[in-house]
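Trainee: Okay, handing you the structure first.
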Amino acid sequence: MRVNEKYSTLPAEDRSVHIINICAIEDIGYLPSEGTLLNSLSVDPDAECKHGLYLRDGRRKVDYILVYHPKRPSGSRTLARRVQHSDAAPAARGTRQDQPLPGKGDVGAAGGPEPPMDYHEDDKRFRREEYEGNLLEAGLELERDEETKIHGVGFVKIHAPWNVLCREAEFLKLKMPTKKLYHINETRGLLKKINSVLQKITDPIQPKVAGHRPQTTKRLSYPFSREKQHLFDLSDKDSFFDSKTRSTIVYEILKRTTCTKAKYSMGQGKGRKKDSALLSKRRKCSKYGITSLLANGVYSAAYPLHDGDYEGENVEFNDRKLLYQEWASYGVFYKYQPIDLVRKYFGEKIGLYFAWLGVYTQMLIPASVVGIIVFLYGCATVDENIPSMEMCDQRHNITMCPLCDKTCSYWKMSSACATARASHLFDNPATVFFSVFMALWAATFMEHWKRKQMRLNYRWDLTGFEEEEEAVKDHPRAEYEARVLEKSLRKESKSKEKRRHIPEESTNKWKQRVKTAMAGVKLTDKVKLTWRDRFPAYVTNLVSIVFMIAVTFAIVLGVIIYRISTAAALAMNSSPSVRSNIRVTVTATAVIINLVVIILLDEVYGCIARWLTKIEVPKTEKSFEERLIFKAFLLKFVNSYTPIFYVAFFKGRFVGRPGDYVYIFRSFRMEECAPGGCLMELCIQLSIIMLGKQLIQNNLFEIGIPKMKKFIRYLRLRRQSPPDHDEYGKKRQRYEADYTLEPFAGLTPEYMEMIIQFGFVTLFVASFPLAPLFALLNNIIEIRLDAKKFVTELRRPVAVRAKDIGIWYNILRGVGKLAVIINAFVISFTSDFIPRLVYLYMYSQNGTMHGFVNHTLSSFNVSDFQNGTAPNDPLDLGYEVQICRYKDYREPPWSEHKYDISKDFWAVLAARLAFVIVFQNLVMFMSDFVDWVIPDIPKDISQQIHKEKVLMVELFMREEQGRKRLLGTWMEKDRKKDEPCNSHGPQAGLDSPEYPGGAL
């Protein structure tokens, strides 16, 4: 066993850092070396390991960091030693136990009696020791640092040597660039000229990042193999695997490395389990890795390091600083994103999110332009709109029925003039065209993203990547393994109870021994959680989700009651200005209440969705994420859109009529729509909720909450650290600075807010054509805000390979399909578009819209009011009212069937339903046509993928032919060497027809 010459063994008392170096004997097999200690006297103390990015020798990179809270050892050390693995490497095990690590020996030498420590902390320490020993056996190199600037925190720095990187890259089938270069097929003719012109035009908005411009050549990629290392350019081994790949490899080792010592020996209080046979079985069925250790508090954090600082005068240039300058700065909001650099630094999954967000933001530009045109068309034609002109004309002198019982009086239709004129801005023939356009826009956006995704897969060498490969290394979650272990132990205890009552036959003793021995081998491999185990969790999920949806409906009902009661209270006000603005005041305040409730419930529902997913105990992280996304999206979708659905489809539909109104709780009369319809109120509701969520929840929360958490952590560390904290802060190592950052919590919140925004843009776009514009302005800020958060506020996440955005794509498609149906109903039932068409082509005498307002109003005789519902001040308008008008299609009071639904109502209803059917099928057909016309894979990308396969086959064929020629040359040389020896040999009898030339 050879020891690296760079290290020399030191006495324990002279040692400041504990390092174990694992040296490779061969590429395939590794033998753990003896414990070696870094000679700190030969290291330049001023280098400080390049600010914590390297180990103490200044050459080996720190690929991963484990953080823990060191505690004083208790007197129960010998007890824990009895439960150590017997099959561990003796050398490494002896080094860990017999030589105290830095910081621990000094604590014990401080003098005085050691305070007793509870078994829980003791168990954590022994588990850390065993886990780190297993990491050493896996080939990793560790270095511990407990003398840090952060009080009470210790760090384990992990380095993966070259042989381990090669081994794991082969296991993970990582595609790496080979030496082979090939030319990418370029466009020719007119397309080439157009592309060159576009490149010159877009040159000012391109980020100044190497490799961002279109490349003419590309390296052929192939899954890494130690047997085919000659195919790859290994001239610089330090940079062959970048920091993202190195951290990914180390994380895979951390996940699959198990820790079983003392895990199950720890009991509550003094009652530790002493059954060694049962303990042995429990150890063997464990599969816990770093996820379990983090969940149980053995380690407090685990993360890869950032490449360095992102700002400062003397900071070395690195990818993080480049991302900060060209991506995470608000000054470059007009530039394209350096997606390739984002992927290089954060991995494919995060790179795909920002690529999708960029494509979505770009696609909002044409939608915003068309929305502005539709809005300007409404502004230009508002003075030519005959229905609004009739409503504003005071000469018509139309008296409307009271809006509430007793306190409300009769009112003039001309008082709603401003609302009618504003409604035309969003309720005009152009909105129908815009709804069709947005449906096609959604389909085009999805197809454009699929093509962009395929281009990124080709550029990032993910074309051969399959989800099955990820499923092989997708380890079960720690919670799932714990539940499986608990279930297996219950089964084992039950089987023991049964065996106690059944007398054992003497002839079967050997058989029972074999069964007992086999029972401890991977107990959990035979056990898994079934639907029976999860049935209580499923029932809890169902009941909880139904209850949360019911809470949302109850809150909407409460806001409705608030609107009704507030309108009645304001109607009693003596100020004419207050009474004239009742509808606007009630609508605005109710929407603000809805907004506050939505923001609060969003946070609550997010926590509830995570809890409901945890109690289901999904097996893998992918399954956990998909279930969490489904629950969170369902609850937040209902929470965000329920108030809007109420205004769009329910308000004013179940009001009744004067003299026979519908009441809530027999006291609150259902509210009505304005004479111009509910579309204007729907526009106000949608705009305030959308803008409020984007401004408060998406921007202020994302800026304010991380800053506040960072400030709280700073105060906490300052309170715990020594008095010279500020001086230490200037000299903090990279791993210490990254520890103070916020942990990465996943991409679910980022996707969720964008999907909800996509719903605002598409679902009710017929009522608010400016929604794409406000979404575009928000996303321009959102991209840089998220970028700054990832670069400066968060710890560096572990890079995850992915070839698509997963379940989010299906949610987007579902929202796009739902948008077609909702917009069809908004146009036909919420707006007055269909009643206007029916009047124009069926009832208009001169082919114009004159008389439309009077056609939509029915008459009511005030003598038919129910007792106690008539206005208290019937002479409020200055004259006695005999007939008042209300918006509905009903027979007049002088008809034989007074107040019954008229034939006009059925004609309009039939037209509305026909429009829904025609609009839905037509737009669905056009969307599917767009989906069919645009291929998912660009033609040039499919050609390049085929070309790569052909080149790879040619490369291996040439390699095989070279091997054959080389083998033939060697055989020829050997034959020529043997000829002179055989010709002078004494045994000439071998030169016979059977052995020509004397060659055997």
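Even glycines carry a Cβ here, placed using N, Cα and C.
Keep in mind that TrEMBL annotations are predicted by a computer and have not been checked by a curator.
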Trainee: Would you mind telling me which of 584-608, 909-933 TrEMBL tags as transmembrane segment?
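Mentor: Among 584-608, 909-933, the range TrEMBL annotates as transmembrane segment is 584-608.
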Trainee: For the transmembrane segment (538-564) against the transmembrane segment (628-649), do we get 3 or more Cβ-Cβ pairs below 8 Å once near-sequence pairs (under 6 apart) are dropped?
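Mentor: These two segments touch.
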Trainee: Can you name the far-off residues of the same chain, 6+ from the ends of the transmembrane segment (430-449), with a Cβ under 8 Å from a Cβ of it?
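Mentor: Tertiary neighbours of the transmembrane segment (430-449) are 356, 359-360, 363, 366-367, 370-371, 373-374, 377-378, 761-762, 765-767, 769, 772, 809, 812-813, 816, 819-820, 823-824, 826-827, 831, 833, 919, 922-923, 926-928, 930-931, 934, 936.
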Trainee: Within the domain 'Anoctamin dimerisation' (54-339) only, compute the mean pLDDT.
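Mentor: Computed over the domain 'Anoctamin dimerisation' (54-339), the mean pLDDT is 74 on the 0 to 100 scale.
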